[in-house]
Structures are given as structure tokens and as C-alpha cells.
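Engineer: Heads up, here are the entries from TrEMBL:
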- B:Arg346: substrate binding site (BINDING)
- B:37-336: domain 'Aminotransferase class V' (DOMAIN)
- B:Lys199: N6-(pyridoxal phosphate)lysine (MOD_RES)
2 protein chains.
Amino acid sequence: MTSIPGQLSPAPRLLLGPGPSDAHPRVLTAMTTPLLGHLDPQFLEIMNETQTMLRAVYQTKNPLTFPVSATGTAGMETCLVNLIEPGDKAVICTMGYFGNRMVDIAGRCSAQVTVKEAPWGQTFDLQVLRETLQTVRPKVLGIVHAETSTGALQDISELGKLCHEFGALLVTDCVTSLGCTPVKLDEWEVDAAFSCSQKGLSCPPGMSPVSFSPRAVDALKARKTKVQSWYLDLTSIMSYWGGDRAYHHTAPITMVYALREGLRLVLEEGLEARFARHVRNHVALKAGLEALGLTYTAAAHCQLPQLNAVRIPEGADDAACRKRLLTEFGIEIGGGLGDFKGKAWRIGLMGQNSRPSCVFQVLAALEVVLLGAGVKVTGGAGVAAAEKAYAA
Amino acid sequence: MTSIPGQLSPAPRLLLGPGPSDAHPRVLTAMTTPLLGHLDPQFLEIMNETQTMLRAVYQTKNPLTFPVSATGTAGMETCLVNLIEPGDKAVICTMGYFGNRMVDIAGRCSAQVTVKEAPWGQTFDLQVLRETLQTVRPKVLGIVHAETSTGALQDISELGKLCHEFGALLVTDCVTSLGCTPVKLDEWEVDAAFSCSQKGLSCPPGMSPVSFSPRAVDALKARKTKVQSWYLDLTSIMSYWGGDRAYHHTAPITMVYALREGLRLVLEEGLEARFARHVRNHVALKAGLEALGLTYTAAAHCQLPQLNAVRIPEGADDAACRKRLLTEFGIEIGGGLGDFKGKAWRIGLMGQNSRPSCVFQVLAALEVVLLGAGVKVTGGAGVAAAEKAYAA
């Protein structure tokens, strides 16, 4: 006999890591809406509404904008697997962990991959990429917009135009940017973008919103080979999330409910107000972190407001400090990934969690933990600096 | 400005199609539990509990038993993409729509596919498969346990042993069987199985529970090539859902909560009681449907209790009848797929929806709709026959 575990009752957490971030209560409530069939006219209308709002948040008119039925990396895979055919040339720009993941996936698509590397915490200069595009002439250039492992924001506002000069398609990882910082697919001429539900959109993880430009759709239609993944094959998914709503797979109904509610919250607030809020809370958190002597891993010109990655101060034990934050204060922050494993902490202020109470909670708890670890910190300095920043 | 749609408020439905089936209220409530991080010790414990219960429901000791972070077909793709390398021989048995899907996916894995066909509504005889195994000597044999398009149950209780006689791995589609009819992975020597969350487990769609035998894991470890999908690559996922819980992708936390609750409900009821309940309600529904003159598409010896597929009677318009059921009675039943499109209706009694009230509701509504369509039906005959069956 298998013993049956009890009712779910986890100790509460405040999720201030790199994601998942806390889901908004309205999103959780929306998920209790009874299921509809995936071909029910009522659900088809919910799909329409969700797609319309998703286009608004992505700032695009792309008809092919919808959530992939899986988490963020499946969105990455969807973009690459559909746009790359075996032997195609791809340039992948890496400046952190998730760029490397794109290299891996492009390789599995049998692309000829050229990797352009920037140091972790830095971003790419367009001039460098121009040279690469000119030399390689790839079909696809992939780049991370908001690198979750380093907290760096890559300016991609002119990159689409540049790619198109050389006939390349621009694929961007917007997993950590969407809903937190501006993402303007049309103005920036992005051809394929993917994101997630559990960061800037304040939903649980489980969906990956993607969007494809008409140029990307043309490339898809011109494929000579079948897409290697059935589940992620846009040539078929298009007929469910596109025109005729033909059955492909059973959509994760409840997750679509969640996403719809998350998008409603984004649009009710307004994009500009939301982006400004993320900046405001970031500035306060940053003032506080710096007052505690912590330094950012990302260069000063490209720090993400929604993901504050800082170097772990000397003397502090990574795992022990994060464990104390979690168990004593119920606050989750993220550890480092890849090159930054054991060297960085990542503090997210994403979606609804970008608010003063989160800033103060994490600064206060961090002060206690750092003091406890023997790091030289002036008690109250972080909180005071944040207060001052808000007042400014 | 994008206009923002109102609060979710769909008209209620009773989902008696091929899935999604209604989620249990306790499952919906569990989904409102605040999020945990995917590496939080509390969540790791929830993963352990979920895996332990999943093994009990799959009747297996397979350590590699976990839910894939996507819907059912992603589970199919996970099984095939991990066990097949380019050029490997695969035998796929088809007796309906979902067998054909397996053929498609195996082809995308660059397998040399041998397709064995049985007429829709029929199942395979082991002797026929023995000959195929002997001739082809495949690495993998794929078959559907419960064919959702025809309502037929394939006996696979001796098939694992047979496959192993010829060195083949047995992959089975348990999407519609798990939680409704017995699935005994260990006793039946199944090497890889996949299912879904939205049928026998009374959860929303969004997860695909899979299980791999040690033999399958050996095959995985012996691969010479990388798995073509990053998202579904078990060689990496194993380290998250297996021993060291290393980060792979962000698990869909809320869907895992749902699955955990669904599995608790299954085990609280007990497997044998649950299977018996599905049979009892099927017998009543079948008596009622036959009293209305409807005939099953699956042969008499292999009818699924949880999915009752019947021929659409002459004179009845498929779409019009289903639309009336949906809009007037709030009942969703399924149409036909593939060869059965426009020719069959599929009535599901799955998980919590396998209960007398569902049987009576659908029979009563169907009577009205058939009468309205001019089909010769004795009013009340279906309900009366079901009553009699329950009383027997």
C-alpha cells in the first residue's frame, strides 16, 4: 500500500528569485474556473482574447502570436526548431547561461552554429554583430533580450533592421523581459520571440507566449523538411491557434485561463506605468543593495530592473545564506547559474512582486543574514537607502 | 488601445467528451495554493510524493516515473524521441487516430518505421505481432493501450514479454487508460508509457505522466546521439526528476499541485474500486445508448468503459446535434476523428465524471436531441435501460 500524503499546505514563500515569481491572487482565482473543452466556442473566444492581449503586450500585430503549451524553454525550442532546417546557418550570441542553451538547441536542430560570445554581465555592440552577419550570412540570429543569469539587458531595438539587411531572421529570448521592460516586436523588427508566464506576467509557470513575424511565417512555409518536433510544429499548431481552430493537441485550458487573467492585469495597469513601476522599485532596491556593499554583476548601462544580480560578498556562504532567507524569512532569492554558480545572487522584482514591500522585506532580511554571516554591514543601511530612493 | 475583456465567466459545461474531462473541485482548489520555487525543498518533497503516487497508479517500481511538463502528446514524443535514434527500426501498431500520430512522430525521429494496421475499432492479435517482431526485429514497438478515437482497449498484458523475446522495447499510449482501467506496467513488462492529466486523473490538461523501465533507461544511456529535443531530453530531465534535482527547466508548479491532488483522489478511492466504478457506469450507459438504437464502433470484446464511441445514427446531423447538446444542455461530447470524422460520437465517463448523474444527464439530453433530429427513438428508453442496468 502506498501511503497517501496529506493536503497541500506549504509554508508561505515570497518568491524573489529569477522566477517563478508569485502568481497574482486574481490569477489563482481564475484557475478555479471550471474547465471547458479545447474546441468549445467559449474557449475559442478565450483564445482570441488571450491572443489579442498578448499582441498588445508584445507590441505587435503578428497574427501568429500565441502561448506554447509548455514552459519557457519549450518556447525557445519552438522558435529554433521551426525556423532552422538541418544545415542552416545560425549565429547565436551568448552573454550568459540562456544564450548557451540556445546554442545547444540550435545544434540539436542540426544547424551550423556560429557562437558569438560576450563576457558574462556584458552585452553586445551592434557593430560586432554587423561584422558577424556580413561574414556568416546566417538564416537566423538568436540573442537573449534579458539574460536571467547575469541580470543584463541587451538593447535589441536596432538589431532586427540589421539582421534584415543581411537576410537573417532575428530570434529573441524575452523570457525575463516581457511584462517588466519594453518589448516592441514590430518597431524592433523581431521575427520570433518567446517568453514565459511566471515572471513579468505573474502567472504560474506552464506556458510560453511566442510571436512570429510574417517574415518568419514565410520561412516556415518555405521549409523543405518536416519540423523535427511534432508537439512544437507550428505548421500544424497554426491551424489551432490560427485560423480554423483545427485540433492539434489538447490545450492546457487552466493555464490559458491564468495567462488571460495575467494579461488583463498587465493591460489594466498599462504598459508604460508597469515599466515605470519596475524601474522605480529597482532603483530603490539597488540603492539598498549597494548600501549593503553589494555590487551588480551586470555592467552599469545594462542592468535589468526586474532581475538584480549581485556578487556574493566575501565570507558569506551562498547556500547557507539563501537557506536562512528561505527558512527564517520565507524569502526565496536565486543562486548563480553556470559561470556565476556560487558567485552571484539573483533578486527578482517581477510583475506584482515589483513593489516596495518586497524591496523592504528582502533588504531587511538580507541585512540580518549578512550580519549573521559575519559580513561587515551597517544594520538598517539597506532599508534606509531604499527609503531615501523612494523619497527622491 | 486594446480593449480588455471582462472577468472569466463561461457558461457551465459537463465535459463528457474524450477529454478534457471535468477537473475535480479539490484539484481546482489545490491549484490556488501559492507558488513555490521549483528548487524549494518543500517543492522537492511534493515532487517525491507525486512520483510515489504516480508509481502506485501505474503499478510500477520504475524510478524514472514523473510528469512531463506539457500535455499528453508531448509524453508520446518524449518516449519516442528518447528511445529512438536515427535509423533505428520501429514497429508502430495503428488501429485509430493516435496510432497514426505515433507513426508520424517516429518518422520525425528518423526511425525506419514499419506500420502494422488493424481496422479502426478492432485490436491486435498477439500472434500477428509475434510474426512482425520476428521479421522486423525492431528496437521499439509502439501501440495504443486505449484508442481514444475508436473506444477500443488493446490487451497488452502479454505484449511486453513478447517484445522482450525479440529484444524490442514496448512503448504504450496510456493517455485514456490511466486512472480508468488497469495499467500494470511491471506485470505487463511495459518499457515506456505515457498518459495525460485531464482524463482518468480528473486534473486540467497540462501534464503527461510517463514511466520508463530499467531496460528503457539502459537504452537511453546507450544512445550514441543527442536526443533531438532539448525540452524532452530525459538524459537531462532525469537529473531534475531523478536523483540530484538539478535545474533543467522551470516545472509547472501549479500543474504539479493539481496532479498531486488528482493522484491523492485516485489512491483514496483505491484502484480496484475506481476501475469497478468505471465499468459499472459504462454498463449502464451502454444499456441506455443501445436502447436508443446506437451501436458501438469498437468490437464487443474490447470496449473501453471510459470512452463510449458510437456510430451517429442515420438522419442525425453530427455538428447540429452536438451543438444542441452543448448550448441547450451544457453537455460536451466528442465528434469523430480521422476515419470516423462525422461518423462517430465519443462519450467519455472518465475519472470523477464516471458517475450515474452523468450517465442519466447525457442519455436524457441525447434522447431529446435525437428526437429533435427526427431519429426514431422511444422517449425515456435510454434512461430506463440505464436504470435497469444499475439495478441489476
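The backbone N, Cα and C atoms fix where each Cβ goes, and this holds for glycine too.
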Engineer: Please compute the mean pLDDT of the model over the domain 'Aminotransferase class V' (B:37-336).
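Structural biologist: Here the predicted model's pLDDT, averaged over the domain 'Aminotransferase class V' (B:37-336), is 97.
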Engineer: Give the helix, strand or coil assignment DSSP yields for the residue listed as 'N6-(pyridoxal phosphate)lysine'.
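Structural biologist: Assignment for the residue listed as 'N6-(pyridoxal phosphate)lysine' reads coil.
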Engineer: Taking the Cβ of B:Lys199 (N6-(pyridoxal phosphate)lysine) as reference, which residues of that chain separated by at least 6 in sequence fall under 8 Å from it?
Structural biologist: B:Pro18, B:Gly19, B:Pro20, B:Ser21, B:Val175, B:Thr176, B:Leu178, B:Gly179, B:Cys180, B:Gln306, B:Gly348, B:Met350, B:Gly351
Engineer: Please classify the secondary structure at B:Arg346 (substrate binding site) using three-state DSSP.
Structural biologist: strand
Engineer: Can you tell me how many other Cβ atoms are located within 10 Å of the Cβ belonging to B:Arg346 (substrate binding site)?
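Structural biologist: Looking across every protein chain shown, the total is 24.
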